[in-house]
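Engineer: Below, the features straight out of Swiss-Prot:
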- 7-46: repeat 'WD 1' (REPEAT)
- 53-94: repeat 'WD 2' (REPEAT)
- 106-147: repeat 'WD 3' (REPEAT)
- 153-192: repeat 'WD 4' (REPEAT)
- 210-253: repeat 'WD 5' (REPEAT)
- SER257: phosphoserine (MOD_RES)
- 263-285: region 'Disordered' (REGION)
- 274-285: compositional bias 'Basic and acidic residues' (COMPBIAS)
- 302-341: repeat 'WD 6' (REPEAT)
Amino acid sequence: MQPFDSGHDDLVHDVVYDFYGRHVATCSSDQHIKVFKLDKDTSNWELSDSWRAHDSSIVAIDWASPEYGRIIASASYDKTVKLWEEDPDQEECSGRRWNKLCTLNDSKGSLYSVKFAPAHLGLKLACLGNDGILRLYDALEPSDLRSWTLTSEMKVLSIPPANHLQSDFCLSWCPSRFSPEKLAVSALEQAIIYQRGKDGKLHVAAKLPGHKSLIRSISWAPSIGRWYQLIATGCKDGRIRIFKITEKLSPLASEESLTNSNMFDNSADVDMDAQGRSDSNTEEKAELQSNLQVELLSEHDDHNGEVWSVSWNLTGTILSSAGDDGKVRLWKATYSNEFKCMSVITAQQ
């Protein structure tokens with residue numbers, strides 16, 4: 001393990017690798033985004049560019065899939081999501097290497113999370129913030145990355161939290177291309193799975209129970225070689241929870257559901273009425289007819305304090321968690337399908 005100095009002047013909120021693991025983007029309360037590249041000869045991380053991106057703390061960033069170019073999305077407490085594209089013709093460390101494509105400013109509250117969808121769903125992203133509304137945007141014309149369309153809105157919280165209260169919101173897309181479009185969303189103490197139905201709209205498919213305090217992080221595991229899905233959460237109560245998600249579908253039904261989901265990938269649906277209320281009857285009906293079964297596989301409190309981040313490896317076999325104890329723990333399933341801590345990493349290693 002080799003640490004590097006980010007050079008930020010304030011708290012670093014997010015650190016994200018690109019698809020190939022050769023670049024790292026960081027964001028901070030100093031309102032700057034920094035991009036580092038890996039030097040193959042020295043294995044050191046070198047600054048590629050740094051720029052002031054928002055008017056308030058930047059709390060989340062994400063890389064788009066590489067087939068759409070080198071694009072970064074950033075979310076901030078200034079209530080905006082901004083998209084950035086690299087210009088390789090500009091000199092490194094000039095502050096001009098990343099150009100702003102557009103600003104998405106539909107949110108009425110501070111934003112906490114932004115994530116690009118898996119590549120097979122097209123160029124789209126989701127964001128979630130303090131107004132309690134999940135928003136999905138599509139680049140309907142990939143040749144024009146400056147034009148993004150708001151295609152879905154879902155009211156995750158009936159009443160948004162007061163500004164003076166501590167809150168947190170996270171989201172994670174289902175990476176499986178063999179499953180209908182789904183994403184897991186955490187808002188305060190609740191975690192919900194949304195799925196796009198045959199009507200082209202997002203509906204509540206399942207809820208992840210048992211959380212008794214703020215959920216700080218949620219991560220949907222890749223399901224390579226596995227017939228079920230895994231979702232992990234990290235919470236303020238110091239616990240890591242790993243859930244098993246089973247889809248009750250026959251192969252024929254799965255194929256039909258996937259086909260119907262793909263038909264509506266680019267549909268412009270808004271799931272709230274003119275007064276901003278979600279169709280609760282439709283959601284309840286969809287939840288009752290949900291094909292998802294949720295089971296709590298493991299629950300651990302090894303960090304002895306708040307858990308701030310959970311993340312899966314590329315194969316979905318190892319989970320990493322980071323907490324207030326200043327340690328990163330790696331978790332792996334045993335033959336009995338129970339997750340055990342296999343390694344503990346500290347900053348001194």
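Cβ coordinates are placed from backbone N, Cα and C, and glycine is handled just like the others.
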Engineer: Cβ under 8 Å, sequence separation of at least 6 from the ends of the repeat 'WD 3' (106-147): give me the contacting residues as numbers and ranges.
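Structural biologist: Residues packing against the repeat 'WD 3' (106-147) from afar: 56, 59-65, 67-69, 71, 73-81, 83, 85, 153-161, 163, 167-175, 177, 181, 183, 185, 187, 194, 202, 265-266, 268, 272.
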Engineer: Apart from its near flanks, which chain residues at least 6 from the ends of the repeat 'WD 2' (53-94) lie with a Cβ under 8 angstroms of it?
Structural biologist: 10-11, 13-14, 16-20, 23, 25-29, 31-33, 35, 47, 100-105, 107-116, 118-119, 123, 125, 127, 129, 137, 139, 142, 145, 148
Engineer: Where does the mean pLDDT land for the repeat 'WD 2' (53-94)?
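Structural biologist: It averages 97.
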